[in-house]
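Features of the protein shown, as given by TrEMBL:
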| type | residues | note |
| --- | --- | --- |
| DOMAIN | A:72-284 | domain 'ABC transmembrane type-1' |
| TRANSMEM | A:21-46 | transmembrane segment |
| TRANSMEM | A:66-94 | transmembrane segment |
| TRANSMEM | A:106-126 | transmembrane segment |
| TRANSMEM | A:157-183 | transmembrane segment |
| TRANSMEM | A:204-225 | transmembrane segment |
| TRANSMEM | A:267-288 | transmembrane segment |
Amino acid sequence: MRAALMDRDWRNGWAFAAPGLLMLAVVMGFPLAYAAVISVSSLTLLRPSLTPFVGLANYAAMMNDPLFWGALWLTIKYSVVTVAGEFVIGLAVALMINRTVTMKPVYFAVLTIPMAMSPVSVALIWRMLLQPNLGIVNHTLEALGLPRVDWLGNADLALWTMAGIDIWQQTSFVVLILAAGLASLPRDPYEAAEVDGATPFHQFWYITLPMLRPVAAIAVIIQLINEFRTYDLPYILTKGGPGTSTEVLSFFAYRRAFLGLHLNEGAAASFVLLLIVLGLTVLFFATLERRR
Amino acid sequence: MQLKCSLKAALLGATLLAAVPAHAQSVTLRALMEDVPETQIIEKMLPEFEKETGIKVEFEKIGYGDMHDKLVAQLVSPESYYNVLEVDFLWAGEFPTAGWLEDLNPYIAKSGFDLKPFIPSMLDLLGQTKDATPILPMYNYSMGLIYRTDLLEDAKVKAAYKAKTGKELVPPKTLAEYVELSKFFKAGGQVVGAAMQGQRGDPNAMEFSNYLFSAGGAYLDAGRKVALNSPEGLTALKLYADNVQNGAQQGALSATLDDTMRLMCAGDAFSMVTYWWMLPQLDNKEKCPKVAGKLALSVMPGGHGESGGWGWGIPKNTSDESKAAAWKFIEWVQGKKASVARALEGHAPVRADVYTDPAVLAKYPFYKTALDVVASGKSFPIFAYSAQYEDVLGAQLSLAAGGQAKPEDALKAAADGLTQLLAK
């Protein structure tokens, strides 16, 4: 009897999930599979034919390109810095909002504005603000008696300028997730800690942070995936320059596919990016599980 | 009887309607255009074309950097959204090789369109062979030097230059003299010496080409072998990097044409190496009051600059009806009448007969110099991977100009990149 019920639940479960899974297979599975096929084919925009298949030659060509390794290293640096920045600032803002009693909806509405803007618009706006000769940022610096800064034309600074813009836009997403996590934490441990004489810092360190870990992990992993895929900002702000100082992996893949006309190599680069992101996700969740 | 009459009237009406050319009612031409003055000049004339032919033309205007990708995506699709194409000379190797463009020769033959007035080098630049004409020239963008005459004539500046260099302050005759002059102005602190478009890719590749040709260098020799890594090439790159670092505006390595235009217009720069048709845009009292009447154009010091051009093409993946309408538009817009009308608004002609038109010369006497700029221009290498080569070269130029690579190493890498792409 129990086995029959379980069997029926199993069938019902699949029946309910099937439409969604089918939709996913069509809109995600098919393009992914097609990209995988392209990555082992000889298809270019000048010779639009999948055959002959070339195995892993496109991957090998990419791995032999020093620019690929440079782009990979830049992407890692960029992602780590932006996610760390977003998390630290996001947590601080979320904690402040959590303590406020009034006007919370106003704060949330204001915080949503950067997140609601498209990255292309954000990049264009910041490009104007940071224009070295006519932009308002340098104008303000000059008015304050400070030297003008070459935000995007200096190879040592361009990547970090881009990271700053990214943090400006993406932090609000982290704030919203962490604020929701903070609001859902139980009050009992805090009351017990107060009775035991714990300071606010001790409460934050020994209660808030550990209890917030699952939500924080979600925020970090989503942002890490986002940052690894960053494309809009370098495209609009720097075109990968000066030199190769802002050529992140997704921009490298774009160059291969559309400037080099080699869709196959572009697809191979995209798959490497996908594997890295997948690997990071698995590693992150495995670590999280172990700590539990 | 009444019914019979009504039927006859209806039939007559239907026959008259059928006699009106189908495209006049149904075809809308759509083109992706670079957002530059030339496009705006043509756009103003579109109602006239629509009135004459009944064919509507819509321009979608965007920055150059986004055009190639948007066009390629349409050209590889089953049917292109754009049914008349604005094609850069840098794509004149790639697009026909990929089989994306109609050969215009049958259209030219059928309509009796006269190609003789077109400057031959413009037809060559845009990929004409003895068998095919994939692209019809639209306008040229040969590059020259635009500089401030008021600064060169300023007595104080003249004296300061003489005191510093022992030489008279005159327009530069060589590339080295130009860079020296540019650095002098920047050191003076009043203006920067050169408004430079050093962003990696098309902006710096085009700009550097002028330095290369001015210094006597070349990308390819007569046998189409790579000749970039030469003493002349090295001189050009060293002078280019020197000017970016010591003569140009802050942020030159991330600047595009728009940035340089704004800087020059604001009166904050002595010179810019740019497209010659930027002169009427800058020499405009309403748009650029600070510099209007104080500018001159010359051929690049050294005698040669970069020559480029845009053309019109018709995609293969569009309907026959659209193709016919597209040719009608191309024929109209590149005809003598429309070309002269465009030139009177600042168009950069591709027809020799427009440069010598009395009305055009009366309004713009500098078109005489412009013809010299066009005639002395040399071309960036045109082949299937020209767009990619711009990026490869642009990255190396950016590295050298930013001090991240030695000019010798950057030049070698740029030459090797060209060799590899030509061998593909």
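Cβ coordinates come from backbone N, Cα and C, glycine included.
By number of Cβ pairs under 8 Å, the transmembrane segment (A:66-94) is matched best by A:204-225 from the list A:21-46, A:106-126, A:204-225, A:267-288. Recorded stretches compared: A:21-46, A:157-183, A:267-288; the one with the most Cβ pairs under 8 Å to the transmembrane segment (A:204-225) is A:157-183. Cβ atoms under 8 Å from those of the transmembrane segment (A:106-126) belong to residues 93, 97, 100, 165, 168-173, 175-176, 179, 232-233, 235-237 of the same chain, restricted to positions at least 6 beyond its ends. Residues 52-56, 58-59, 258, 261-264, 267-268, 270-271 of the same chain, all 6+ positions outside the transmembrane segment (A:21-46), place their C-beta atoms under 8 angstroms from a C-beta of that stretch.
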